[in-house]
């Protein structure tokens, strides 16, 4: 029950356990899958790491100068030189200065002067390449076991952790007591790593444009440089003052860390953990659940009394969680659970924790269920010790329909075409079709539920014809669009 504590939660239900199921996992969200005769599973991406990114360039933002040396010549005596000029670790500058009788020269005029100083970088930052094949995704899969300590648990101890990389995109997770689930995932970071550089400065990192980083007016070293001393463009952090006869002062600029922090305002900051860089993004995965099995399906039904350990309440997803305790004998056993209408004639709602079981007497069990909108009764156990609980779920199916549609529209606005992967239940939708299904699929399903596909096609044709014959331009365009969407969704649903 890991997903209970996460606000952004998707449900994938009604899928055959023997088929591939398409889901999309993103940071900050959780996906719950439910299939017939299969355990309910929660999937969450908890971490995306960039392993061993290659260094493109190092840039120095704080330096110091030592061992300053100056050599000068009188007019007409040639250009001065220093042996230190051959050392690439030094920064040097040639200048001209006024000379004459007052400073040791027999002639008046311009004499040469050269000054060198040892340049040492104290602090630097690195720009790193990140290749998609270096990304590692950590996924936690947690079955709905009903155990008390597993509700909303974020430690990873009660789920199975999987490491997904482009090199090992197909992996299997062994869930103790439930069998094996197979995952085939492909990363969708939404980033163009050819144009992006990871700028790492001390214990912080940012995503910046590659060309912006290369244009920084700071001393730099190639990423392949192993000596770390032969800085290029050292003069960008050094100022040579005006020379006076045989003397010239050279100073180094102060730390540029503050200027860099200001320049990076608004850039996407990347978190770091144990030297690895943590990314966002999402994974498109296909699940195969044919090797999964329900735990305790052969157990008999519990015949004793149950009691409510903690008052049940509605979660932020519209579901409810009930904590009960079995006081009877015969454990382990299955917990009888159903949701019925007020007349007690029809079974309603959906049990998310499939086949909840009691492993031992007096041990609390958590059950998650999705009751229908309005009034209903929750029945736990069998007579004579049966629990009958009244529940009122606020809202309506129409409101939920529009809420789901708005969620799909927001995803498309934020993520672009990558959002078309969300909400896929194994159907084949491509290009614009995925967008139409994502945004309008819920409304369409509610409006035309129970209508045959031929009638849907006919309605779409009629609406399109009316729009084409309308004299009002705005009405014509609106009706044609509605008709085309109706035709498309009608054809896709039938297919």
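All residue numbers here begin at 1 and follow the chain in the order shown.
The backbone N, Cα and C atoms fix where each Cβ goes, and this holds for glycine too.
Annotation source Swiss-Prot lists disulfide bond at 3-30 (among others). Residue 3 (disulfide bond) carries a helical DSSP state (H, G or I). Sequence-distant neighbours of residue 3 (disulfide bond) (same chain, 6+ apart, CB under 8 A from its CB) are 9, 30, 31, 32, 42, 44, 317.
Taken from Swiss-Prot, the feature disulfide bond applies to 60-121 (among others). The Cβ of residue 60 (disulfide bond) has 24 neighbouring Cβ atoms from other residues within 10 Å, across all protein chains displayed.
Cβ contacts within 10 Å of residue 74 (disulfide bond), excluding its own Cβ and spanning all protein chains shown: 19. DSSP assigns residue 74 (disulfide bond) to coil in the three-state reduction, placing it in neither a helix nor a strand. Per Swiss-Prot, disulfide bond is recorded for 74-105 (among others).
Cβ neighbour count for residue 116 (disulfide bond) (all protein chains, 10 Å cutoff from its Cβ): 22. For 92-116 (among others), the entry in Swiss-Prot reads disulfide bond, with the evidence type similarity to another entry.
The disulfide bond annotation in Swiss-Prot covers 185-285 (among others) and rests on similarity to another entry. Of all Cβ atoms in the protein chains displayed, 24 besides its own lie within 10 Å of the Cβ of residue 185 (disulfide bond).
Mapped onto three states, the DSSP output places residue 302 (disulfide bond) in coil. Using a 10 Å radius centred on the Cβ of residue 302 (disulfide bond) and all shown protein chains, the other Cβ atoms total 26. Annotated disulfide bond per Swiss-Prot: 302-333 (among others), in sequence order.
The annotation N-linked glycosylation site is assigned in Swiss-Prot to 67 (among others). Its Cβ placed at the centre, residue 67 (N-linked glycosylation site) has 12 other Cβ atoms within 10 Å. In this structure, residue 67 (N-linked glycosylation site) is part of a beta strand by DSSP.
If you look up Swiss-Prot, you'll see 153 (among others) marked as N-linked glycosylation site.
Per-residue confidence over the topological domain 'Extracellular' (1-445) averages 80 (mean pLDDT, predicted model). Annotation comment: Swiss-Prot describes 1-445 as topological domain 'Extracellular', evidence class sequence analysis.
In terms of DSSP helix, strand and coil, the topological domain 'Cytoplasmic' (467-472) has 3 helix, 0 strand, 3 coil. Residues or ranges marked as topological domain 'Cytoplasmic' by Swiss-Prot: 467-472.
In space, 333 is the closest of the recorded positions 60, 67, 105, 302, 333 to residue 285 (disulfide bond), judged by Cα positions. Taking the C-alpha positions, the distance from residue 60 (disulfide bond) to residue 302 (disulfide bond) comes to 71 Å. Distance noted between the C-alpha atoms of residue 121 (disulfide bond) and residue 105 (disulfide bond) is 38 Å. A distance of 86 Å separates the Cα atom of residue 333 (disulfide bond) from that of residue 116 (disulfide bond). When the Cα of residue 67 (N-linked glycosylation site) is compared against those of the disulfide-bonded residues 74, 105, 116, 185, 302, the shortest separation belongs to 116. The Cβ of residue 92 (disulfide bond) lies under 8 Å from the Cβ of 82, 84, 85, 114, 115, 116, 117, each on the same chain and at least six residues away in sequence. If you measure from the Cα atom of residue 105 (disulfide bond) to that of residue 185 (disulfide bond), you get 79 Å. Residue 333 (disulfide bond): 20 other CB atoms within 10 A of its CB, across all protein chains.
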